[in-house]
Amino acid sequence: MILCTAEPEALSKQFKDEPIVQLSSNVDDNRKAVKEADVIILGLKPFMYEEVYEQVKDSLTGDQLVISLMAGVTIKELSIFTKYVAKVMTNTPARYGCGTAAISFAPAVTKDQQDLVKKLIEPIGLTVTIPEKNMDIATSLIGSGPAFCLLMMESMIDGAVRMGMSYDVARISAAKVMEGTAKMLIETGDHPAALKSKVCTPGGTTIGGLLKMEDGALRSTIARGIEEAANISASFAKK
């Protein structure tokens, strides 16, 4: 593996015990790395990809597989590198092996190449294959989703602290509730509403709390947040 980076010192410390990793930090080395590569992963700011292409275009062979981690850059735009393009949107929990990744493939990508991309991405957690037209939705739901969940957890923690629970206990409890609820949804395959109804007893605390949240339009606010983030992602491709 050859990492092309503008920060070789930081990465050299991070990968000092990984003999399979080589670092490349100048244009000439980057060109050489691209020429020797079967797979090129573009993990950079979206506005930089054209500059990178200009630097390495003479080293492209035409049959290399390009995997893009950039939001807002379409497969059509990336076809300047090669016709074999995969777009991947992942999220921050990937660092802990419990992330989610959405993958879209260009029509020319072969079955073997698709399998290779999935094999490379699967260690981060769950992978789903989607049409490219859904990638902006994935950017919102998957990429921004952890921040939305953290806002909900923060609100739950604040409510518990307001009522007298210590922050540390509230924090770990809220996190575990979110984790356990997600596992329950995945394991049962049930609709969230069906699982929610099982927790609500007549005149109980849960239905009371839910109605208070509905008074604040929590459901539609979250849904509209997903919509807004997806629209912003789509706008990147229009600039």
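The backbone N, Cα and C atoms fix where each Cβ goes, glycine too.
Now, the feature entries from TrEMBL:
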type	residues	note
BINDING	Thr5	NADP(+) binding site
BINDING	Asn30	NADPH binding site
DOMAIN	27-72	domain 'Pyrroline-5-carboxylate reductase catalytic N-terminal'
DOMAIN	132-233	domain 'Pyrroline-5-carboxylate reductase dimerisation'
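The Cβ of the residue listed as 'NADPH binding site' has 18 other Cβ atoms within 10 Å, all protein chains considered. Residues of the domain 'Pyrroline-5-carboxylate reductase dimerisation' (132-233) grouped by DSSP class, helix first, strand second and coil last, total 88 helix, 0 strand, 14 coil.
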